[in-house]
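Feature annotations, reproduced from TrEMBL:
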DISULFID  Cys420-Cys443  disulfide bond
DOMAIN    636-777  domain 'TIR'
TRANSMEM  7-26  transmembrane segment
TRANSMEM  581-605  transmembrane segment
Amino acid sequence: MTKTDSSIFHFVIIFVLILIKIYISAENELVVDRSKIGLTHIPKDLPMETTTLDMSQNYISELHTQDILLLSKLRILIMSHNRIQYLDISVLKFNTELEYLDLSHNKLGMISCHPTLNFKHLDLSFNAFDALPICKEFDNMSQLQFLGLSATRLQKSDMQPVARLNISKVLLVLGDTYGEKEDPESLQVLNTESLHIVFPARKEFHFILDVSASTATSLELSNVKCLLDDECSFINVLLKLQKNPKLSNFTLNNIETTWNFFIGILQLVWHTTIEYFSISNVKLEGQFYSSYFDYSGTSLKTLSIHHVITDVFNFPQSNIYMVFANMNIQNFTVSGTRMVHMLCPSQMSPFLHLDFSNNLLTDTVFESCRHLTKLETLILQMNQLKELVNIIHMTNEMKSLQQLDISQNSLRYDENENNCSWTKSLLHLNMSSNILTDSVFRCLPPKVKVLDLHNNRIQSIPKQITKLESLQELNVAFNALGDLPECGTFSSLSVLIIDHNSISHPSADFFQSCHKIRSIKAGDNPFQCTCELREFVRRIGQVSSEVVEGWPGSYKCEYPESYKGTPLKDFHMSPLSCNTALLIVTIGATMLALTAIVTFLCIYFDLPWYLRMVCQWTQTRHRARNVPLEKLQGTLQYHAFISYSGHDSTWVKSDLLPNLEKEDIRICLHERNFVPGKSIVENIINCIEKSYKSIFVLSPNFVQSEWCHYELYFAHHNLFHEGSNNLILILLEPIPQYSIPSSYHKLKSLMARRTYLEWPKEKSKHGLFWANLRAAINVKLMDQRGEVNHIQN
Ligand SMILES: *[C@@H]1O[C@H](CO)[C@@H](O)[C@H](O)[C@H]1NC(C)=O
Ligand SMILES: *[C@@H]1O[C@H](CO)[C@@H](O)[C@H](O)[C@H]1NC(C)=O
């Protein structure tokens with residue numbers, strides 16, 4: 001290995017080790033939350049690996065070394081809202097990793113310090129300290145970013161230990177008894193970017209503290225009560241702010257004062273370096289009549305006023321609206337007040353963004369106002385707006401207006417309305433949560449890109465609307481729409497939100513017409529899971545899952561009842577049950593195939609013959625069951641008597657006999673079982689009488705040479721009367737009808753009834769033939785072998 005190689009190797013090893021260490025430390029993050037469980041002591045069962053421990057909002061009054069000694073990994077300890085009165089910070093000396101300690105909202109009156117402290121975040125605010133809890137050891141906390149303090153007495157010297165530090169934010173909470181012996185200069189040494197001072201609540205402001213910490217760019221003051229104009233020293237405090245040229249962010253909250261004083265505060269701030277001014281939670285009383293305001297020379301860009309409680313009906317408000325309307329700033333917010341109106345600025349206004357949400361403004365706001373031509377954003381959310389046509393008219397002169405939020409009002413748009421004069425510049429329009437219907441689509445800003453109409457009363461998007469070629473995002477969720485829109489009129493649509501509507505069978509055309517779509521949210525609709533839905537489900541399955549939001553979880557069948565709750569993803573229907581034409585074709589094809597098979601079977605395998613055989617066989621079985629056997633068995637010695645022509649004797653001897661006798665069937669042949677001294681006819685009759693059945697092997701020869709005996713016999717004896725079924729005819733060869741002499745009535749009638757067994761030519765059919773024949777004659781006979789033998793002898 002060369003030297004470079006080995007150093008690269010070392011580097012890689014070290015790098016891997018660092019990675020492993022990062023991995024392990026991330027892995028070992030252990031947050032233990034024991035807040036709000038009524039603890040009075042630190043529990044003993046804390047895991048040693050704990051890195052963050054939250055024991056806030058309990059009743060703990062003491063913290064000892066042994067309580068947390070073993071938590072050597074502890075980095076964050078939150079003990080706010082407890083009852084700790086005294087803390088010796090050296091109890092934390094073994095928790096060397098500790099960098100975040102929150103002891104706010106306790107009852108701390110004193111702390112003892114320890115030299116090795118090095119916190120990033122130390123919060124001792126909202127405690128019972130008299131003097132500032134700053135030890136000289138704080139000097140070492142070079143990492144400190146946040147310091148929370150509380151005191152009732154401030155002294156410049158107390159601040160000295162932290163003077164060298166560069167802190168991001170200091171929170172200073174002044175106790176209820178603050179103010180008696182004030183050192184106004186005490187904050188001058190503080191070196192922080194952001195300072196938040198909480199004055200004692202419920203106490204008239206008569207402090208002279210200089211809050212203009214020279215390094216702060218951001219200042220927040222809480223709890224300012226100025227009701228008695230002559231006693232209030234707050235103006236003096238504000239005047240000092242001019243000394244700090246860095247200050248740009250100013251926040252006031254929890255203000256209780258008069259209208260006059262409030263406007264006075266605004267006027268003062270107007271002439272400082274402050275750029276962003278925010279006032280929240282204001283309670284105003286008194287009246288305001290002057291409308292004079294000096295707008296000159298301001299640095300202010302943004303003014304936000306949130307949550308004002310006042311009696312608006314106490315005096316005419318127009319002076320206040322006038323002061324507000326003519327402000328020469330860019331951003332202005334008044335929200336959560338009971339403001340009922342706002343005037344049009346009396347000259348060209350620099351307003352860019354106006355937020356008047358959550359007030360009581362009506363349709364007359366900025367009516368015919370020509371001085372808001374620079375305005376880009378107007379938020380009128382949550383007011384008392386009623387007729388959309390008035391708002392449309394209002395925007396008319398706002399030539400730069402790009403974004404308008406008129407959501408959460410009671411806006412409607414009349415069917416018959418013809419005035420449609422939206423400002424052409426509008427790009428974002430939020431009309432959600434109103435009572436708009438389908439007719440709103442008749443009048444929309446032509447260049448709108450983002451349109452929010454969710455939570456209205458829209459039932460369908462009319463086909464005949466003006467083209468919105470720029471529309472990219474459409475939100476029509478929570479309406480009563482029955483189908484997805486077509487993109488014919490919104491050719492750029494890329495985001496569609498249409499969940500929570502009444503869409504039961506969405507048309508799949510959507511995906512064809514809206515080919516620019518990259519996100520659709522259509523869940524929570526009452527989908528009807530029938531054949532029509534399959535195409536939609538198939539299309540949705542084809543587009544990528546990032547496009548379909550909420551898929552598959554929020555897409556479920558609503559009807560029919562049997563599918564209710566089934567995710568569309570799992571809903572399947574066979575193509576056959578959904579396509580009538582296909583169904584008919586399939587049935588037709590099946591029938592055709594069956595016919596073909598049957599025909600084929602008939603032609604090539606003589607199916608009718610088999611059927612006849614099977615039919616005969618079953619008939620025989622049935623009859624056999626009905627024969628009164630006992631009676632028969634007494635007189636019978638043979639299963640069958642066989643009569644045939646000499647021409648056919650080869651077949652009888654080599655086929656018929658072997659096949660029957662191998663099954664133990666006894667056969668009587670008149671020449672074999674011949675009784676000497678009797679005529680042939682007598683012998684035949686003897687045989688017939690002792691046999692269960694008589695078999696005639698029919699062939700043209702047989703008809704010519706043998707049948708004559710039987711015709712005669714049948715004529716005289718009634719032995720084979722109709723229906724006695726003792727006859728079995730085997731048709732060995734076909735006998736043409738004409739070759740039967742006309743005197744053979746019996747034969748003719750037998751042949752006509754076709755009650756014969758045909759001897760099949762095909763060898764494959766012989767098995768069935770024999771089985772059938774045997775079944776016809778097989779009956780259990782009494783063992784009369786002796787007698788038979790006797791006859792044979
Ligand atoms: C004014 O408000 C708009 C919208 O809230 C914001 O984007 C912008 O940064 C603000 N401008 C200033 C100067 O505060
Ligand atoms: C429209 O306003 C509502 C609140 O009224 C808000 O939730 C929604 O996000 C806004 N829509 C858009 C597109 O900004």
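Note: Cβ is positioned from N, Cα and C throughout, glycine not excepted.
Outside the transmembrane segment (581-605), and at least 6 residues removed from its termini, the chain residues within Cβ reach (under 8 Å) are 575. In terms of local Cβ density within 10 Å, Cys443 ranks first among the disulfide-bonded residues Cys420, Cys443. When secondary structure is read from DSSP and collapsed to three states, Cys443 (disulfide bond) falls in the coil class. For the domain 'TIR' (636-777), the DSSP-based tally of helix, strand and coil residues reads 70 helix, 25 strand, 47 coil.
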